[in-house]
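Participant: The structure is given below, and queries will be raised subsequently.
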């Protein structure tokens, strides 16, 4: 943090004023940065120049306490992370949690350092090796891996020439049964072997020379012929079987994530230990009082499981996204190679396609964050506006195309349900869940009510614009009912009607084409214009609302140049490939959703507002939870607001524009249930966010209201046309 400089005036007004300023700034801004690495460095009272130190603090020493009410100084590791952090607070940008640059090794915590360390470090005191994770390793892998080594050792002894490798496998059988607290070393070849290779026999054990540890006849393993034959037998009969077994262990342990140390153990054993000559491998058990070992340490493992491996990343990509990437390949191969559904049914393919959307959404978000962080605002805004909603738009457009080809209006209703579900989920579920989880750690959380007010105003505008054609059709449309029954048996009596709706296509669609459709086009133009005005308001004329100011100086420990995980070109290629795979998965999802819609007893409304709406938003939900846990609720709220505003002001106008060039059954007329649920959600959210502070109870209210709406959708009858 910024060093505290004592006030030389001798009175107590300065420190007291600074303390009040700190509390006031913390109450307003309450920003703790990204992944715990960023700090809210507040401005201190003005101090004499003689007392100040030549540091970052001196640059801001001329500013008074009131300035912190306007801006918050955020310190990032480098300019790239600072640019990404600044974009996170700007309206219209996707909020992204992961770092786009590699953080310096010395700035990481000891827990994270242990995740990335190789299994070749000997600790002074490893503690007890009898842990739950180690026992789990014994039950899952240790016993059968040890048995396999015993069998391979027997085969090697039978071949005679492979006897040295047989002894090695016998020793490794005991090691892999319980490898914890043991060490595998690469030792130098004993002098007796070197002398045998040189043709000198005076270095045998009988003449006082050192005796090799491995079993062997008199230097027979050192001769060129026998050594080459032994290696050939090992590479043909022993190594392939063990490499295959270790590969299976490695993949299984990697997929379980918490057992990644076991995956490292198997990979290192396959690539290093099993390829060394037997006489150069030494297996020892560590002792507390043992002196440092001589020779290179290849393997030394103490724990088979580590719960913190959910933080592990490969080239900047979280391990969960890495593990889900093969699922995308399986989905594409199975979906297009098995078109007649001989291997699996439509339900399995639909589920796989939806699950594949999650890692692809992660890669798209990471690519967008990398490009925008390394570019100016104009490029970042274009990339965010173009690809920020590509996940949802891809699915919506493919569903509308399929519905238009089949003449099935049910697809258009499902798209409307997904749009409403995304809006309601981002307004109620994401902020509510973040408040509940963040409230477990923090008793009360504060956020910038002014910035939240801007988003709320835009939400009111967008919801009113989106549902204006629906309200217009309710007023001027003709009420049409499916079936009516005369209750009183009197022609002038009361009728009981079912399946009633307002029809705007009466009289050859005069009302729709002359009044409703022009209103839809007008709204589709005004909403993106309002979105641009909101960007100009928050990014140019009223930037102080978001209390953001990226410091030009770097604090101690952050004097490192930016080393980005993905360059702009690499991020662009990944973005395009992920978008292409997303299109293919969306096509498979819409291809195999038809049997689910027709055969399922669940309302199509419920399927749209839950599965189709919230699955693509899972990465954003995880980001919001991580921000809330760090007491940075402003970003958690902005995540939901940003998505909700983009649904109304970008996604829906794009769908309307698409229907102009490719006619579909999609019209901007929603059911009453969608209208009431959306408007009630926006009003409730705006009411709770007025005071700029919240706790877990308010979050519980939002989540409960969301589940009540889900129950309403669950028991609602299917929409007309399905």
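Here, residue 1 is simply the first one shown, and the rest follow in order.
Cβ coordinates are placed from backbone N, Cα and C, and glycine is handled just like the others.
Heads up, TrEMBL stuff is auto-annotated, nobody curated it.
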Participant: When you get a sec, could you say which of 280-302, 418-440, 487-509 is annotated transmembrane segment by TrEMBL?
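Facilitator: Feature transmembrane segment in TrEMBL: residues 418-440.
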Participant: Mind checking which residues of the chain, 6+ beyond the ends of the transmembrane segment (232-262), have their Cβ under 8 Å from one of its Cβ atoms?
Facilitator: 115, 119, 133, 136-137, 140-141, 145, 148-149, 152, 155-156, 159, 161-162, 165, 169, 269-270, 274-275, 301, 303-307, 309-310, 312, 319-320, 323
Participant: Could you pull out which residues elsewhere in the chain have a CB under 8 Å from any CB of the transmembrane segment (696-716), counting only those six or more residues past its ends?
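Facilitator: Hits for the transmembrane segment (696-716): 417, 424-425, 428-429, 431-436, 438-440, 602-603, 605-606, 609-610, 673, 677, 680-681, 684-685, 688.
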